[in-house]
Amino acid sequence: MSILVKNNIHWVGQRDWEVRDFHGTEYKTLRGSSYNSYLIREEKNVLIDTVDHKFSREFVQNLRSEIDLADIDYIIINHAEEDHAGALTELMAQIPDTPIYCTANAIDSINGHHHHPEWNFKVVKTGDTLDIGDGKQLIFVETPMLHWPDSMMTYMTGDAVLFSNDAFGQHYCDEHLFNDEVDQTELFEQCQRYYANILTPFSRLVTPKITEILGFNLPVDMIATSHGVVWRDNPTQIVELYLKWAADYQEDRITIFYDTMSNNTRMMADAIAQGINEVDPNVAVKIFNVARSDKNEILTNVFRSKGVLVGTSTMNNVMMPKIAGLVEEMTGLRFRNKRASAFGSHGWSGGAVDRLSTRLQDAGFEMSLSLKAKWRPDLDALELCRQHGRDIARQWALAPLPETTQKTAPVEETTTCTAADLGPKMQCSVCQWIYDPALGEPLQDVAPGTPWSDVPDNFLCPECSLGKDVFDVLATEAK
């Protein structure tokens with residue numbers, strides 16, 4: 001089924017509600033995606049891009065119901081990746097002599113995927129035009145490394161539509177095609193997620209390329225992307241966001257993520273977050289366990305943040321594998337204008353935190369001091385973590401923070417109070433996780449100093465997600 005975009009332009013793409021992994025398993029498409037292909041019917045009939053290769057047969061069948069394939073005069077391939085040009089082999093088997101307009105780099109990419117050097121390729125470069133009749137032209141603009149060397153955009157005069165390729169798109173599937181028809185919160189979340197995880201490495205190219213396109217002084221009434229919605233309502237809003245995101249973007253936000261074997265590094269993360277909030281209650285702090293979180297959400301939060309704290313247990317003298325993998329991805333994304341600090345617990349020998357700190361520095365982060373704790377952090381160690389958080393809050397503040405005269409209560413007083421007033425520690429009978437009233441459970445809004453009797457009935461064990469009824473008094477404290 002086609003959808004009218006504007007005048008003689010129709011969407012003939014494919015929705016993919018089920019896809020959950022993109023670029024292998026590197027991008028989680030939690031809201032599906034779409035592969036946008038456009039059919040222009042003027043004096044000349046033009047097809048802009050195809051769809052993902054797994055929908056090749058369906059795409060050609062649907063296209064045949066819209067137009068006699070032999071009547072397609074030109075094919076435009078803005079990008080040779082398989083989710084854009086994947087149906088070319090199926091299509092060209094029907095119309096093998098139809099000219100394909102693309103960049104020189106795209107010929108190499110297309111042949112690399114489809115192995116048909118005999119196809120009728122027509123190389124275009126920035127400023128080249130193609131007359132499609134009725135007083136209208138297609139103008140081509142090369143956009144190398146946004147995000148492949150072969151990438152380009154195509155502008156249609158008369159209708160003032162920019163076919164923008166991957167730029168300004170999002171992996172977002174909806175029955176509606178246009179930006180003003182969908183949930184705006186979801187849409188802009190997916191736009192930022194897409195930019196943070198795919199286009200961030202090329203931020204230095206975004207601003208000059210947008211400036212170059214604006215320099216053509218061409219009106220833009222619509223931006224027709226390769227994935228997600230078509231921008232018809234105030235289409236320049238997404239262009240303005242790209243310019244903002246490309247300019248060393250950061251919010252007053254700190255992201256903390258960690259992996260842990262025995263919950264010790266998690267305790268450190270909670271305490272560090274408490275310290276940050278004590279000194280700067282206005283900064284947004286998000287905590288993620290990488291083993292249980294969507295990594296693309298973590299990376300999007302890193303993109304938004306002024307700084308990141310990364311925690312790892314030590315395993316065989318090195319960091320946890322999921323942490324190592326995520327730091328490697330951050331290295332490839334080449335975040336700019338970000339600060340970082342490493343922390344973690346260890347047993348008889350360390351090594352992971354130092355290695356992690358070096359990796360973060362190699363990834364381009366401005367480093368602050370790291371923090372280590374041996375074994376399970378006691379009250380003294382947790383106070384050091386909170387102090388580390390306070391120090392980080394001051395060092396990373398975007399504006400000077402007021403001095404505080406509040407003094408931290410001596411550890412001995414806290415210990416006495418805990419033993420006398422807060423009741424016993426509780427242990428999950430399933431996974432052995434221990435609830436310490438002195439520490440609380442900040443991720444579930446249970447403040448430090450909360451006795452078990454005051455913990456809400458909807459409390460869930462953070463390790464196994466079972467309720468309060470599976471908890472018993474810790475054996476060493478039972479009377």
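Every residue, even glycine, has its Cβ placed from backbone N, Cα and C.
Going by what Swiss-Prot states, the Fe cation 2 site holds Asp83, Asp166, and the candidate of His10, His116, His227 recorded there is His227. Binding site for Fe cation 1 per Swiss-Prot: His79, Glu81, Asp166, plus His147 from the candidate set His53, His147. Taking the Cα atom of each, Cys461 (Fe cation 3 binding site) and His79 (Fe cation 1 binding site) are about 48 angstrom apart. Here Ser357 (FMN binding site) is positioned 34 angstrom away from Asp166 (Fe cation 1 binding site), judged by their C-alpha atoms. Nearest by CA distance to His227 (Fe cation 2 binding site), out of the binding-site residues His79, Ala342, Gly347, Met367, Cys428, is His79. Between the alpha carbons (Cα) of Ala352 (FMN binding site) and Asp83 (Fe cation 2 binding site) lies a span of roughly 39 Å.
When secondary structure is read from DSSP and collapsed to three states, Cys428 (Fe cation 3 binding site) falls in the strand class. Cβ neighbour count for Ala352 (FMN binding site) (all protein chains, 10 Å cutoff from its Cβ): 26.
Ser357 (FMN binding site) and His147 (Fe cation 1 binding site) are 29 Å apart (CA-CA, integer value). Taking the Cβ of Asp83 (Fe cation 2 binding site) as reference, residues of its chain lying under 8 Å away and at least six apart in sequence are, in sequence order, Phe22, Ser33, Tyr35, Val51, Asp52, His53, Ser226, His227.
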